């Protein structure tokens, strides 16, 4: 990892506490298992597969939290360059505009600047993954049957962060020498959502060409 990126990753620009799994819990062990297969340099397509004997919901939930932490950090590396002036619309090039909608303030899809959208998104995901009814942390507490729609929504929205970063800020990522790291994170994310069918194909469209080159 480049020195510049290390500095950014060490201070977590988002200022958000990373969600962690408690040592000794099943999910902590799964988290370690997932990290170990990555660190061993395993093929990412293989690394995302469900380990024998594990619950799919547990495996997926552990990855959702991990992707949230990592993508939040990636956005943090370019957040100084993603401003109301530079990115007045949350988009992925001229063809794709993303509007924000939630259960509270923005009940209708609303056009926002990229930084506004990102802040709302990261706050919203944090609320979901810290909600014990959706992502229980206690050993033996199964994930609720309704967790999958929430997971799909979180991952679809996180994918939009990649879209915006790649299309609007990749020059900055390159300047920092961190494109290899971001590309690896993207490939890991892409293989994971494809393995478990967690994002609609049409959502993946903005990065289709890049993905076909990067993820064979």
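Cβ coordinates are placed from backbone N, Cα and C, and glycine is handled just like the others.
TrEMBL entries are annotated by machine, without manual review.
Sequence annotations record features per position, and here TrEMBL assigns region 'Disordered' to 1-22. According to TrEMBL, the Zn(2+) binding site annotation covers 82, 87, 164, 169.
Locations of recorded TrEMBL features on the structure.
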residue: 82; record: Zn(2+) binding site; Cβ neighbours (10 Å): 21
residue: 87; record: Zn(2+) binding site; Cβ neighbours (10 Å): 19
residue: 164; record: Zn(2+) binding site; Cβ neighbours (10 Å): 24
residue: 169; record: Zn(2+) binding site; Cβ neighbours (10 Å): 20
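Those residues of the chain, other than 82, 87, 164, 169, with a C-beta within 8 angstroms of the mean position of the Zn(2+) site C-beta atoms are 78, 81, 86, 114, 115, 118, 165, 168.
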